[in-house]
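Structure, as structure tokens:
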């Protein structure tokens, strides 16, 4: 390991607030931005930060995620001294069971972590959209001689009650942690990104299990326990773009923010690329009747209608007379002749029949995976 740090991505979340989009796949496997899945951002951050050993902890509906990650080659994680490992719940003689929380998922994978023997473990969520240099966070952790470092981002005070809030002294040492406080004292919100000194965390988790102490969740149990025991716990203050895409509205917003030559994620930054599994598709075909404005259009698309301020993923068809506006269309979608789609997310493989109207002007509308709306035209 280049920097002595193992990354563990928590990717087992169901994401119930995404409704139809997570009925058959885990939230980190949901598509984003035309050619990515949400987990690609955490994996790419690891690759760009020089972290070459990554464990991906799955649980709910893992098949699509497992197929997407494979051996990690798309992120350069398939070398001799590197690897991406899928970690799923299993039954052992000690009675291991389904993960009961974030830190319990780490406890159940102690054998894997010990086989890597890292000095530090980086805990990540697989369902956020952002770019971060984890090595810079590690250097801050070392400089503070911290036992635990928590990445935080400033949020508006009116929104702070939705997050775990860190109250710090003038040196960024955390003196108090409040989970979703009614009257927040700070605007430093936890991003769910942690660096732990592994041996200290390991000891805590093992002792808690032996003594039947609930230490299953980082926010509810581990961080408060660290603070109570006087551990050196600091924040890492992140200033870049970060989006929790846990709701339909936030997922739609993040995709709309991704459109444009100078988007918040700076998608054309060659020094910090976002990698993904490559899918071979033919070139786009845009007919002479088509009209495409201010949109991202990925390979394999066929457009004979109008597309405005939208994202078309791989192999999307927009047939004659159809109009798509302010929408995110996932891969392999067919939009029939004369259909009208506004402020919507259309799931993979969906079919929108001729002259169907999907109007999200009040609330963002969602069509699920392989869902058929209206009567499809077989031509």
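Cβ atoms here come from the backbone N, Cα and C positions, even for glycine.
The model shown is predicted, which means the values in this text are computed figures rather than measured ones.
Sequence-distant neighbours of residue 179 (alpha-D-glucose 1-phosphate binding site) (same chain, 6+ residues apart, CB-CB distance under 8 A): 164, 165, 219, 220. The alpha-D-glucose 1-phosphate binding site annotation in Swiss-Prot covers 164, 179, 180, 190 and is backed by sequence analysis.
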Under DSSP, is residue 180 (alpha-D-glucose 1-phosphate binding site) helix, strand or coil? coil
